[in-house]
Structure formats: C-alpha cells, structure tokens
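Below you'll find the structure, written out as structure tokens, and then a few comments.
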Amino acid sequence: MDTIFAVSSGAPPAAIAVLRLSGPQAFAAAGRLAGTLPESRRAGLRALHDPVDGALLDRALVLTFPGPRTASGEDLVELHLHGGRAVVRAVEAALGAIAGLRPAEPGEFTRRALLNGRLDLSEAEGLGDLLMAETEAQRRMAVRATEGEVRRQVEAWAQRLLAIAAQVEAQLDHSDEDDVAGADSLGRLHAAAGVLARDIVSVTARPPVERLRDGLRVVLAGPPNAGKSTLLNAMIERDAAIVSPIAGTTRDRIEAPVVRGGTAWLLIDTAGLAEATADPIEAIGIGRARAALDEADILLWLGDDAPPPHPATLWLHARADLPGRAETGKDLAVSAATGAGIDLLWARLERLAEMLLPPPDMVALNQRQRALASDAAAALSRAALQHDLLLLAEELRAARRAFDAITGRAGVEAMLDALFSRFCIGK
Ligand SMILES: Nc1nc2c(c(=O)[nH]1)N(C=O)[C@@H](CNc1ccc(C(=O)N[C@@H](CCC(=O)O)C(=O)O)cc1)CN2
Ligand SMILES: Nc1nc2c(ncn2[C@@H]2O[C@H](COP(=O)(O)OP(=O)(O)OP(=O)(O)O)[C@@H](O)[C@H]2O)c(=O)[nH]1
Ligand SMILES: [Mg+2]
C-alpha cells in the first residue's frame with residue numbers, strides 16, 4: 001500500500017496549509033523531514049529539512065496519529081505548514097522524492113477510510129455533500145448522513161429482513177420433503193415482507209437529497225415575449241439574461257443559481273415556446289425549453305393559455321402593469337417593471353419548497369440510495385406474493401444485496417449463506 005500525501009486545507013496561499021500523509025510509511029517519511037516526531041496526537045514544532053540536501057524547508061507543527069483509530073484508518077501525519085505556494089510545493093517535492101510516497105488522488109483519504117471500515121458508503125457520500133454544502137439546510141442534512149443516519153436506517157431495515165429470513169429458515173425446517181409452508185405462517189411471512197416494503201417506500205417517496213444539494217429547479221416558460229427573461233433578472237436582482245422586445249430573444253437555456261430563504265435554487269430561463277418558427281436556431285432553443293420543462297421541480301408558466309401539465313406549477317400573470325389581458329385562473333400577478341408581486345412570488349416558491357425538499361428532521365436518501373432501496377422494496381413486494389419458500393428466500397436475498405450496496409458493505413451474507421447451504425443442488 002502506497003503512502004499518500006496531499007494538502008487538505010484548501011488551495012494555497014493561506015495562513016496555514018495542513019498537509020496530511022496517510023499509509024504505512026507516513027511516520028518514517030515525516031521523520032525523514034522532521035527528525036524526532038512528537039508524541040502521538042500531540043502537536044510539536046519542528047524544523048523540516050529536505051532529506052536529500054538538508055536544506056531548511058519550513059518550521060511547522062507536526063502531529064502523528066497511529067492507525068487504525070484515525071480519520072483514514074491508517075497511520076496518519078499532519079504537517080501544519082506556512083501556507084505559501086512555494087513552501088507547500090517544496091515540502092510536496094521532498095515527500096514525493098521518498099520511495100513509496102505519492103500524491104493522493106481526489107478523495108483518496110476518504111476512500112481508504114471506507115476501505116478500512118472507518119465509515120460506510122452513505123457516510124462517505126454525506127462527507128462529500130458536507131464539503132460542498134453552501135446553505136444551512138444542506139449542511140444539516142449532510143452532517144446527519146456523516147453521523148450515520150442513513151446507515152442506521154438501512155441497518156434497521158436489514159435487521160427486519162433478517163428476522164423474516166429466519167422465519168423462512170424455520171419454515172424450511174418444518175416442511176419435511178416439500179417446500180410448502182403452512183398457510184398461517186406463510187401468511188405471516190407475506191405480511192411482514194409487505195409491511196417492510198411499504199416502510200421502505202415511505203422513505204424512498206421522500207424527495208431526494210439532490211434537490212437540497214443542487215438547488216430546486218425552477219423553470220420559467222411560456223410563449224415568446226411573455227417577459228420570462230425580465231422576470232428572471234428581477235427575481236435574482238441582476239442581469240443574467242438578455243431582454244428585448246423582439247420575440248425569440250432567448251435561445252439557450254440560462255441557469256442562475258441563487259440562495260434565498262436558506263434554500264438553494266436553480267432558476268432556468270428558456271426560449272419562448274413559439275407555435276412555429278422559421279429560424280432553425282430558435283427551433284433548437286424551443287427543443288431545449290421543452291426538455292427543461294421535463295426537469296423542472298417547479299414550473300413558472302407565463303402564458304395566457306393554460307399551462308402544460310406539471311406537478312408543481314405557478315401560473316403567473318406576468319407584465320401585470322400592462323392592461324388588457326385576462327387574469328382568470330392564474331395564481332399570481334407579477335410585474336418585473338414595477339416589482340409588484342416579486343416578493344410574493346418568492347414567498348410562494350418558498351412554501352412550495354417545503355413540500356419538494358426532504359423534511360429537515362427525517363432521514364432522506366440520495367438518488368443512488370433511493371434506487372437501491374426501491375429495488376429492495378420491489379423484491380420484498382414480490383416476496384410478499386411468493387408461495388414457493390425457496391423463491392421467496394431468493395427475493396429476500398436480492399433485498400439484502402440492495403441494502404448492502406447502499407452502505408457499500410460486502411461479505412455480510414453469512415446468515416443467508418447458512419440458509420442456502422442446505423438447499424438441494426439444482427433447486
Ligand atoms: N487537522 C484536521 N482537522 C480535521 C480533520 C483532519 O483530518 N485534520 N478531519 C478529517 O476528516 C475532520 C475530523 N475528523 C476526524 C475523524 C477521526 C479522527 C480520529 O483520530 N479518530 C479517532 C480518535 C478520536 C479521538 O480523538 O477521541 C477515533 O475515532 O478512534 C480525527 C479526525 C475535520 N477536522
Ligand atoms: N411593461 C412591462 N414590460 C415588460 C415586463 N417584463 C418584460 N417586459 C418587456 O417585454 C418584452 C419581452 O421581455 P423578455 O423578458 O425579453 O421576454 P421573454 O419571455 O424572455 O421573451 P423571449 O426570450 O423572446 O421568449 C421586453 O420588451 C421587456 O422590456 C413588465 O413587467 N412590464
Ligand atoms: Mg427571454
């Protein structure tokens with residue numbers, strides 16, 4: 001196993017740069033630069049010298065953390081350097097010249113932590129989200145994942161699955177030659193599998209954490225010249241999109257990320273949905289606008305005709321300062337010209353966000369975890385209808401594999417292996 005090193009504290013220049021080394025040679029390599037190392041988990045000030053020519057590189061705080069109880073699960077050293085670019089570069093060069101040491105790949109410290117069982121995959125995913133978190137809501141959700149909230153939820157499901165599998169085992173023990181269970185006990189098995197499937201679906205039905213992470217996608221759409229781009233600019237209080245009286249001004253979709261009310265939003269302006277156009281570029285834009293409609297979490301519809309079907313639409317009476325257009329059936333009047341209705345629009349969006357974002361105090365899954373949990377629920381639903389015990393057991397096994405994939409854990413099939421080891425070959 002290589003020993004890896006990298007600056008963990010962000011791009012220099014900075015006041016201090018924390019360079020971490022992880023791996024079997026971490027202590028020896030740090031010793032080559034620092035001489036005697038401080039007592040474990042205690043900071044010590046050391047002159048760092050180039051092992052090749054003895055030149056002084058920096059005077060730094062050095063910490064050593066003996067594995068496996070470290071962030072990476074390996075021997076780990078931290079050099080708290082002066083954060084100048086050349087200082088960091090010189091120390092990295094000195095480390096890179098030591099055989100068996102190399103710069104770390106992105107995420108490699110965490111990858112090793114995962115490998116060493118210091119955290120599971122859902123916690124590592126949470127850590128990734130935590131590093132990217134920009135809003136309070138994102139930080140809160142991510143920190144709970146890093147603390148094992150998703151792992152514990154999956155473990156609880158896996159425990160219940162295990163109990164069902166144990167009942168299958170008991171049934172197999174009692175049914176002598178054939179695999180047919182008693183009707184009562186089979187009914188109980190089916191009920192337990194069905195209840196577990198429904199409990200899983202109640203969690204997978206919640207909005208995915210990506211909505212929180214990437215921002216709620218609010219698409220502004222409608223016919224040409226409806227005032228979409230002007231409204232976008234008014235909502236974010238800057239001129240992100242070109243505005244003009246010419247119909248068909250916007251062609252590309254324009255994405256404007258904005259944080260508002262503690263929520264991350266991605267506002268998307270689109271080309272006006274003209275009935276027909278002779279302009280091939282506008283036609284491409286219209287195609288993109290239609291694609292954006294499919295991805296919208298919320299649709300802001302600026303047409304006078306009824307909006308296209310979408311689960312969350314606000315139908316806006318845009319350019320409300322201009323007289324002569326009917327307002328019937330619309331949700332809200334706004335005018336980018338006077339500013340009327342813009343705050344109200346944001347308030348309506350924030351209320352919709354409460355329904356579309358994962359609830360702040362319940363476990364929420366990301367799309368990868370959701371897909372796997374849905375696989376598990378589907379397998380359990382099939383199990384709940386299965387009368388052949390061996391096929392039922394096979395569905396339970398599939399559910400178990402899905403749970404294991406969520407947490408990234410392997411080789412936990414001991415119980416199921418024991419179960420199936422008694423089966424006839426060829427069954
Ligand atoms: N300087 C520095 N700050 C940092 C980190 C780091 O690696 N270095 N972290 C990097 O992610 C985070 C803290 N994560 C850590 C996770 C585990 C251990 C650790 O040594 N755990 C041992 C002992 C805990 C203890 O002292 O009681 C253990 O869990 O057994 C250290 C840091 C954030 N701040
Ligand atoms: N009076 C008034 N004029 C507006 C308002 N909003 C937009 N306009 C005008 O309406 C025209 C079209 O506005 P845009 O924002 O470019 O319309 P759009 O829907 O983005 O148009 P396309 O990109 O061509 O589809 C421009 O001349 C704007 O100045 C408004 O609230 N009040
Ligand atoms: Mg436009």
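Cβ coordinates come from backbone N, Cα and C, glycine included.
Just so it is clear, the model here is predicted, and its values are computed rather than measured.
Listed in TrEMBL for this protein:
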DOMAIN    3-118  domain 'GTP-binding protein TrmE N-terminal'
BINDING   R20, E78, R118, K427  (6S)-5-formyl-5,6,7,8-tetrahydrofolate binding site
DOMAIN    121-424  domain 'MnmE helical'
DOMAIN    217-305  domain 'G'
BINDING   N225, S244, I246, T249  K(+) binding site
BINDING   225-230, 244-250, 269-272  GTP binding site
Other C-beta atoms that fall within 10 angstroms of the C-beta of A271 (GTP binding site): 28
Sparsest-packed of the listed binding-site residues (R20, R118, K228) - C-beta count within 10 angstroms: R118
Contacting binding-site residues for ligand 3, chosen from R20, E78, K228, A247, T249, T250 when the Cβ sits under 6 angstroms of any of its atoms: K228, T249, T250
S244, T249 as binding-site residues, winner by CB count within 10 A: T249
Fewest Cβ neighbours within 10 Å, where candidates are the binding-site residues N225, T250: N225
Other residues, Cβ within 8 Å of N225, S244, I246, T249 Cβ centroid (K(+) site): P224, V243, P245, A247, G248, T250
In sequence order, the binding-site residues (R20, E78, R118, A271) whose C-alpha falls within 10 A of T249 (K(+) binding site): A271
Intrachain C-beta neighbours of I246 (K(+) binding site), sequence separation six or more, cut-off 8 angstroms: N225
DSSP-derived class (H/G/I helix, E/B strand, else coil) of K228 (GTP binding site): helix
Where the C-beta lies under 6 angstroms from ligand 2, the matching binding-site residues among R20, E78, R118, K228: K228
S244 (K(+) binding site) and A271 (GTP binding site), Cα-Cα, nearest whole angstrom: 13
